[in-house]
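*Asks:* My questions will all concern the structure given below.
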Amino acid sequence: MTRRFVAGDTMSEALEVVRTLNRQGLWAAIDFLGESVFERETAQAHMNEYLRLLEAIAREGLQADISLKPTALGLDIDFEFCYENLHTIAARAHQYGIRVEIDMESHPYVDPTLALYRRLREAGFDVLVALQAYLYRTEQDIRDLMPLAPRIRLVKGAYDEPPSVAFPAKADVDANFVRLMRLMFSPEAREQGVYPAIASHDEKMIAATLDEVRAQGIPADAFEFQMIYGIRTKRQLELAEQGYRMRVYVPYGTHWYPYFMRRLAERPANVIFLLKNIVRG
Ligand code: FDA
């Protein structure tokens, strides 16, 4: 069941998946699974894995970003320590011409993650940050980031957040996603160089995005769609065949538990499928 959402335990398994995706015209963002790291050695080991991953992507000329979580690189230990680890990765990625993507974790991490992002952008690195449509604050965050010509991955949000910070109703999250998508395609955002990555499997979000870009005549290379490995594979291929940039988020590694549980929680059918398999033995 984990294999449905995780490319494998090892880097070589992830690279094999990415080779196949690239052959199909799909781009990738490779994530070495990990989060909530509280030991410096573990965070440094995590950084070293990303450095090896960058080398492999460059060696093979794969069309792939790397995607990482600040808490895997020591954000819970010390902000500066985390920044140094991220800076080392971003500098190496820059040498190879590979882009770094920063995942957004639960709401207490938003401010420090945006501070990390800001520093990396100001240091001249081509970095993307994920922002979550379920948070009330995200519209302001997009506006504040605009002068940095940011690449932004818009997602609905995957953590269990309190109503004090996030829309509790799915309909409100969806409506906000569409509003924020339109903000990222607004003339103001485009003038400032915002590059939107629309990351959703929801056909309503995809259709609204297609309507928006068609209405405004936005070229297909001015934005991208993103989806997760193992989810709506057919739709990923269709969008790529229609000429859109389609990037697939490919996680690998042995620390798959929290990632896997978030994917299960997103869709009750996944839990039922898992339970049936357990019962069947
Ligand atoms: P929604 O949950 O409404 O699902 C719409 C439809 O998509 C479902 O009806 C189903 O058909 C299909 N679907 C969705 N999830 C599925 C699943 N797990 N299994 C099977 N089918 C499924 N979140 C975050 O907080 N921080 C981050 O950095 C990221 N990063 C990220 C990168 C990428 C590339 C993607 C696509 C998503 C994320 N997310 C994320 C996760 C995101 O916040 C959200 O939880 C999921 O994408 C599910 O929301 P959807 O927009 O897909 O819609």
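Placement of Cβ uses the backbone N, Cα and C atoms for every residue, glycine included.
TrEMBL annotations: computationally assigned, not manually curated.
Okay, so TrEMBL annotates it like this:
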BINDING   LYS69, ARG262, ARG263  substrate binding site
BINDING   MET104, GLN132, LYS156, GLY157, ALA158, LYS170, SER200, HIS201  FAD binding site
DOMAIN    15-273  domain 'Proline dehydrogenase'
*Asks:* Would you count the other CB atoms within 10 A of the CB of ALA158 (FAD binding site), including those on all shown protein chains?
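*Replies:* Excluding its own Cβ, the number within 10 Å is 18.
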*Asks:* Looking only at MET104, GLN132, LYS156, GLY157, ALA158, LYS170, SER200, HIS201, the residues listed as binding FAD, what is the longest Cα to Cα distance in Å?
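*Replies:* Answer in Å: the longest Cα-Cα distance is 19.
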*Asks:* So which of the binding-site residues LYS69, MET104, LYS170 sit close to ligand 1, that is, with a CB under 6 Å from an atom of it?
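*Replies:* Passing the 6 Å Cβ check against ligand 1: MET104.
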*Asks:* I'd like to know which of these binding-site residues, GLN132, SER200, is least surrounded, judged by other CB atoms within 10 A.
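*Replies:* So among GLN132, SER200, the binding-site residues given, the one with the fewest Cβ atoms within 10 Å is SER200.
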*Asks:* Helix, strand or coil: which one is GLY157 (FAD binding site) in, per DSSP?
*Replies:* coil
*Asks:* Sequence gap of 6 or more, Cβ distance under 8 Å: name the residues on the same chain that satisfy this around LYS156 (FAD binding site), in order along the sequence.
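*Replies:* GLN132, ALA133, TYR134, VAL173, ASP174, PHE177, SER200, ASP202 - these are the non-local Cβ neighbours of LYS156 (FAD binding site), listed in sequence order.
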*Asks:* Have a look around LYS170 (FAD binding site) and count the other CB atoms within 10 A of its CB, chains all included.
*Replies:* 11
*Asks:* Test of understanding: give the count of other CB atoms lying within 10 angstroms of the CB of GLY157 (FAD binding site).
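*Replies:* The Cβ of GLY157 (FAD binding site) has 22 Cβ neighbours within 10 Å.
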*Asks:* List only the single closest residue to HIS201 (FAD binding site), chosen from the binding-site residues LYS69, ARG262, ARG263 by CA-CA distance.
*Replies:* ARG263
